[in-house]
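As written in TrEMBL, here are the features:
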{"type": "DOMAIN", "residues": "1-95", "note": "domain 'Plastocyanin-like'"}
{"type": "DOMAIN", "residues": "107-185", "note": "domain 'Plastocyanin-like'"}
{"type": "DOMAIN", "residues": "193-236", "note": "domain 'Plastocyanin-like'"}
{"type": "DOMAIN", "residues": "345-478", "note": "domain 'Plastocyanin-like'"}
Amino acid sequence: MYPGPTLEVSNGDTLEVKVTNKARYNVTIHWHGVRQIRTGWADGPEFVTQCPIRPGSSYTYRFTIQGQEGTLWWHAHSSWLRATVYGALIIRPKEGDSYPFKKPTRETPLLLGEWWDANPIDVVRQAQQTGGAPNISDAYTINGQPGDLYNCSSKDTTIVPINTGETNLLRVINSALNQELFFQVRQPQAHCQTTDVLITADQPPAKYYIAARAYASAQGAPFDNTTTTAILEYKSASCSLKCASVKPVMPNLPAFNDTATVTAFTTSFRSRGKVFVPTKIDHNLFFTLGLGLFNCPPGASNSTCQGPNGTRFTASMNNHSFVLPSNFSLLQAHQQGIPGVFTTDFPANPPLQFDYTGNVSRSLWQPVSGTRLYRLKYGETVQVVLQGTSIFTAENHPIHLHGYDFYIIAEGFGNFNPSTDTSKFNLVDPPLRNTAPVPVGGWTVIRFVADNPGVWLMHCHLDVHITWGLAMAFLVENGVGELQSIEHPPEDLPVC
């Protein structure tokens with residue numbers, strides 16, 4: 001199936017999902033946004049919490065949804081298989097509880113995707129071999145269909161039904177592999193993860209395009225400049241005849257580089273009321289992030305150095321380009337005390353201070369490769385300033401943290417200034433998220449409590465960037481007793 005099946009569960013449910021790999025590539029499945037409290041073995045990122053499921057093998061993911069509801073999703077977390085292996089995870093309130101709004105008449109998951117007229121594994125392998133940027137996608141999709149602006153799929157465009165006066169809950173998931181997207185029906189919205197949208201049918205009965213196109217913030221970088229569409233279609237009798245021959249109404253989508261619209265959207269979020277935000281901080285971290293370039297060694301073939309000026313593309317956090325192990329998962333190495341797999345010296349600050357969003361010296365463009373983790377004790381409080389850089393090019397980075405939700409307490413442009421920018425912190429009702437957009441040429445500040453033991457990946461959710469090393473991981477130690485300790489690994493955990 002493309003997209004994969006929608007899983008519908010309730011807050012408090014325990015899931016057992018048996019994944020049998022019938023493909024020819026190794027695979028893992030990540031349950032994006034699920035806290036995985038004490039069940040890190042079920043989180044899914046390849047070589048972080050498990051070794052991959054080999055072709056012909058199976059693994060059963062076992063975990064409990066605890067204190068979460070809304071729209072999440074699941075996807076492959078191995079190489080670029082996420083391009084076609086993903087689906088919605090809908091978490092309804094517990095029995096007896098209700099939505100924090102009037103129950104809608106209809107609900108419609110809308111999964112935004114990115115399609116290549118090629119094997120995406122071949123696309124990433126070619127980029128890894130050449131050192132250059134990967135080929136851009138050929139189309140975007142909504143629920144697996146590009147829509148009728150493409151020649152190939154006008155008869156199969158996704159239809160979203162609605163009737164006058166109804167309210168439809170649109171569960172919007174950006175599953176696109178390498179692209180943030182604008183999503184719009186009548187008014188623009190943009191983001192890089194999941195957003196629930198209530199839409200009321202109060203317009204004249206007709207057909208209206210639901211459209212998505214790229215938000216491409218990296219100046220000069222090529223991108224797929226096409227538009228995918230679905231159709232919001234009134235099902236009233238008055239519309240059924242006259243609407244059949246009328247072209248749907250197209251919304252006025254933002255320009256591909258409309259950062260102002262993105263900023264207005266991301267900064268509009270608030271929690272529903274006052275929340276507990278950590279104020280006594282045990283770890284005050286400052287992480288720079290962005291692209292970089294590796295110099296090719298003397299005598300290297302030009303065919304393997306097709307980045308700018310004969311280099312190879314890379315990416316890093318705090319000048320460290322993350323390298324996944326290959327013989328053990330990080331969680332397995334931590335749990336079993338296996339030496340030599342990782343170190344715990346990921347720096348709390350960039351090794352060198354510089355004008356992060358200014359004209360960066362070429363001497364700072366080349367990071368150090370390694371598998372470095374940052375260690376936290378159970379229950380410690382953490383603040384992370386995520387600082388974008390203009391190394392090679394500035395762009396918006398959606399940073400996802402596994403195993404945790406966090407509060408986004410501020411964002412801004414330029415270099416973060418602790419003397420003045422702390423006045424922008426929202427410590428009353430900031431949004432609780434699992435992915436934080438770091439503005440192009442700017443910064444975002446997040447806070448969380450390290451109350452979930454395990455090894456948890458933090459990375460850019462543009463897969464080309466994690467392929468290049470824009471990632472790190474937190475190692476959160478066990479606390480006191482069983483309820484503050486990670487569960488024992490399951491018997492069917494895949495072996496490397």
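Note: Cβ is positioned from N, Cα and C throughout, glycine not excepted.
It should be emphasised that the depicted structure is a prediction, and the values quoted were computed from it without experimental measurement.
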For the domain 'Plastocyanin-like' (193-236), give me same-chain residues lying six or more residues beyond its boundaries with a C-beta closer than 8 angstroms to one of its C-beta atoms, as numbers and ranges.
32-33, 70-73, 101, 104, 110, 112, 114, 133, 136-143, 145-150, 157-174, 179-186, 243, 246-251, 253-254, 256-259, 262, 393-396, 398, 400, 433-435, 440, 461
Using DSSP, tally how many residues of the domain 'Plastocyanin-like' (1-95) sit in helix, strand and coil.
6 helix, 40 strand, 49 coil
Looking only at the domain 'Plastocyanin-like' (107-185), how are its residues distributed among DSSP helix, strand and coil?
14 helix, 31 strand, 34 coil
